[in-house]
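Undergrad: Before we start, here is the structure in question, set down as structure tokens.
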Amino acid sequence: METFLQVVTNGLMLGGLFAIVSVGLTLIFGIVKVINFAHGEYLMIGMYLTFLLATGLDVHPYLTVAAVAPLLFVLGALTQRFLIQPLMHARDEHVQIFATVGLSTALMNLALLVFGADIASTPASGLRTSLHIGPVRILAGQAVIFCVSIALVVGLHYYLQRTQTGRAIRAVAQNRDAAQLMGINVNWIYVLTFGIGAACVGLAASLVAPLYPTQPTSGTYFVLIAFVVVVLGGLGSIGGAFVGAMIIGLIDSLSGFYIGSDLREVAVFGVFLLILILKPSGLFGRRSLAHVSP
Amino acid sequence: MSFKKFLTATAAATALLAAGNAAAEVKFGALYPFSGDLALLGEESYRGLEIAVQEINANGGVQGEEVVLERGDAVDNNQAIGEARRLISRESVAGIFGTYASSRSIAASQVAELSGIPYFELGGVADEITGRGLEWLWRTNPTAEDMGKLIVEMVVEAIAPGIDRDPGDLRIGIIHEDSSYGTSVAGHQERYGEEAGLNIVTVQAYPANTVDMSSLVLDLRDREVDVVFQTSYQNDSVLFLQQANEADFRPAAIIGGGGGYSLQPTADAVGHDLIDGVLNADFTQYLVNTESTPGLEAFVDAYEEAYGEFPRSGHSLNNYVGAKAILQALDEADGFEPETIKEALAGIDTPFGETAAGYGVKFGENNQNERASMMGLQWQDGKLVTVYPEEAAYAPMRLGE
């Protein structure tokens, strides 16, 4: 029983990790509707920035978020403005996908050139301390990630629902042409949304880096999980992404323990496929938005 | 017509040039990944070969001829093939040394085999390199199989007696990353372990870029595993050691299989106190009893003089030992025809403990050096020192803390 509780707790903590990495992608994938394969590399870059700032300035890794999130915002906005936007009206929108695949590979190899293949480890600064909560133990850093992911989801939800810009973002997501007719600067909204999405990854990176070693391929594992989480939750649904992340985290942890670590991906993606077959729009997606927006 | 004439003239000129050189020097290919993500250890491996050649040349060369190395950059498998072709047909090398990365070696040696040019593998560990039964390939370094064998031997001969347990009573858990490296080493561990009567309670694979190994750790803890074998890269070595510590899983021994366990950044990332006592198997390293590795100090001196730094890994040493054994054997021969080389290599018979890497050299089945072996290592006070076999140990193995 004790082990079961520990496995479930590990699953929830893993879910928190997946959630915080995926929230940014919900905005980019769910709203700008760009399949951004470089999402994982944004995380990797954010983790390296955290590493460099935390070791270079000798500050707590969490403090680096003040620089990392804005830098990632700029990176995301630049990507949208100078890479995706020129391709928005390409004859075939799949061109964008290949552009982000190219960006992903380029960034990964750039990191390889700059940092080498060795791991970089951000100082844990006490975040790897175990907290005992009843019969289970969790790491301080994991607990922080879990709480911040909830706060981020609630915050973004509020932003999208209640603010003028948030409404504009949702309007663009629902129907790009109609939004433009209503006087919304669509290109600007895209740049902004892409930037916010990337900034969320920057926040995630500062929290994740002290717990996990950073290397040029760090993003590859997360990017696939992030797409799964976003699709599972329902495109553009931020709360859905959170629930999706928890489900994936729990299945990952439970199957890893009860079925075997070699089969955990089979279990995760098996359940993912099953849910999609039963509910093609994802858990919280109302309906496919693809036919509304060109 | 005139083009044909031009070709003939060029060929004749090349032949003349080649003949002119032949009296003074003999050319060998050096095929390593010199760029790309494997460049660091590719270059490190090449340095070992270069030092062997310098040493041989300083002593009068091979059969009185100066050995010249022509570099080929095996940045990926296709280029390894292209460079092997260039070395053989344009540079007319007498043989090719290589390759550090197993996949490059497997690709390039195929080209040499078809041309009937000897290929000397000094560092690739994959079973398939010699497993294909090639006629013109020789390998001097120990393999993935030697690694599995040594790890099992270390449990039976040193760890079990060291903690007062019968080897058969120890519960062994094998975990490995799921690419060909981890899978093949784990397969050998399983096979040799069963032969030695070890109780292997679980064998589990996982992807090397995983971000969570906590379920795996809990599973091993629940199965009351005493000894963990992990074959892994850096990221997964760090994760496993950290998460095992955090879940309070403390097996009597953790034994790595090279890869991430051999690298200093892994120890720095995990923390020197946490990795202390963790065991490992790999090529001969520098913190070893030099009485069992004659020539190692001279190698390190030559290396430092040539490159102005301490060797960055054991790869250079192993390449040095292999290259030196082969070049010395060729010195005894007469000419550099492939058949002559083959005959000369068949005559090599260096016993254990007489090379700078500690192992001997004698080519057996499939031209694999049957006297090559790995060494048992342990992280002690932030350094990776040799602890097994006893005659090569730099410090005694620390157990049961």
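Each Cβ is built from the backbone N, Cα and C atoms, and glycine gets one as well.
Taken from TrEMBL, the feature transmembrane segment covers A:12-32, A:39-57, A:63-83, A:95-116, A:136-160, A:188-209, A:221-251, A:263-284.
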Undergrad: Take a look at A:63-83, A:136-160, A:221-251 and tell me which one has the most Cβ pairs under 8 Å to the transmembrane segment (A:188-209).
TA: A:63-83
Undergrad: Is the transmembrane segment (A:221-251) packed against any residues at least 6 beyond its ends, judged by a Cβ distance under 8 Å, and which are they?
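TA: Distant Cβ neighbours of the transmembrane segment (A:221-251) are 8, 11-19, 21-23, 25-27, 29-31, 35, 37, 39-41, 43, 104, 149-150, 153, 156-157, 160, 173, 264, 267-269, 271-272, 275-276, 281-286, 288-289.
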Undergrad: Short question: which residues 6 or more past the ends of the transmembrane segment (A:95-116) have a Cβ under 8 Å from it?
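TA: Apart from its flanks, the transmembrane segment (A:95-116) reaches 34-38, 40-41, 44-45, 48, 79, 83-84, 87-88, 215-217, 219-220, 223.
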